[in-house]
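Here's the structure we're looking at; comments come further down.
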Amino acid sequence: MSSLLTVMLFPSCPAGGCIDQAIDPSESPQKNKQGHTTETNYPCLACGKYFYNSSTLRRHMRTHTGERPYHCSECGRSFSHSGNLRSHQVIHTGERPYHCLVCGKSFSQPGGLAKHQRTHTGEKPFHCTFTECGKSFSKLEHLQTHHRTHTGEKPYPCSSSDCGRRFSNSGQLTQHMRTHTGERPYHCSECLKTFSHPGALKDHQRIHSGERPYICAVSACGKSFINSGALKKHSQTHTGEKPHCCSDCGRGFSQLAHLQAHQRTHTGERPYHCSLCWKSFIQQGHLDRHRRIHLAVDTPEDQLTPSISPDQLCPFFTLFLLVSHCCIKPLVLLFCQISCNTSCGWMGGWMGGWADGRMDKA
């Protein structure tokens, strides 16, 4: 019975020794590489494909049976074709015999080289089949990921039990998981800051290099930015687009951060707290401006830090904090003779003091 099945699935070529090759059943008879006419074809009874000889058909049948007779002696993985095993084994040997003639990069498999060469040629042979899209890609896996933007498919779930988010590709999932683990494997060589994904590091490094490759398309503007997201936000100032709307009052905002700050006017949330007094603020910028009140000298905005050193504080404000903290009632009102910057104006130049040798008694 088994021999009969073999004859049915793998009939022998009358001429013998034909070169492996699959054919289209709609093609007219033609000569194969051995010079035989392909009048007798070799059909796969499972899917209907035709092949020039029995060996090619036999290899093809493994895609249906799942047979993987070729095993790697290093890691135990198995393969359906001997060629696939040979390609796999270079992973263990470190051999990279396929070299790019343009940039010199080397690859372990010819498929890897072919994919890489498209970065030089700009070839994008994989096209999106959805109507009115027309995007094309250099790699099949990029097309498959893109298709999910149309289908909404997100096959990669977060494994954290209290999260439940899903993602369209494994790379997005890997980056997301770092929000749970806190892993930040990408380091800036200039300032030692760390980042959870390489794109954020690349954007950050432009702060050091001064590179701003994203330029506003409005000719009268000419502003440039370090990343595409910043450019997109800026472009909305020209278009007037305000896609982020408040659910309470209907106001629209060009940026999500502006909407989030606005919503605090409804909720009353004031998450930015001054470490030197009791005040809190809706936005970080409001806190930064407020903190100038506590400084003895004008400090540029980019030098403001959450921790203010004692020598930065206005001496009279330091005295005010001490009096307030110790619940000491001022004995005398003294006029401030020290020239303070405008941030001291809220005190009106008047401070309560006492006879401590620091100020003259009234």
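Cβ atoms are placed via backbone N, Cα and C, with glycine included.
Feature annotations, courtesy of TrEMBL:
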type	residues	note
SIGNAL	1-15	signal peptide
DOMAIN	42-69	domain 'C2H2-type'
DOMAIN	70-97	domain 'C2H2-type'
DOMAIN	98-125	domain 'C2H2-type'
DOMAIN	126-155	domain 'C2H2-type'
DOMAIN	156-185	domain 'C2H2-type'
DOMAIN	186-213	domain 'C2H2-type'
DOMAIN	214-243	domain 'C2H2-type'
DOMAIN	244-271	domain 'C2H2-type'
DOMAIN	272-299	domain 'C2H2-type'
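Mapped onto DSSP classes, the domain 'C2H2-type' (272-299) shows 11 helix, 5 strand, 12 coil. Per-residue pLDDT, averaged along the domain 'C2H2-type' (214-243), amounts to 87 for this model. Sequence-distant contacts of the domain 'C2H2-type' (98-125), counting only residues of its own chain at least 6 positions beyond either end whose CB sits under 8 Å from a CB of the stretch, comprise 87, 90-91, 136-139. DSSP places the residues of the domain 'C2H2-type' (126-155) in helix, strand and coil in these numbers: 12 helix, 4 strand, 14 coil. A Cβ distance under 8 Å defines the sequence-distant neighbours of the domain 'C2H2-type' (186-213), meaning residues of its chain 6+ beyond its ends; these are 175, 178-179, 224-227.
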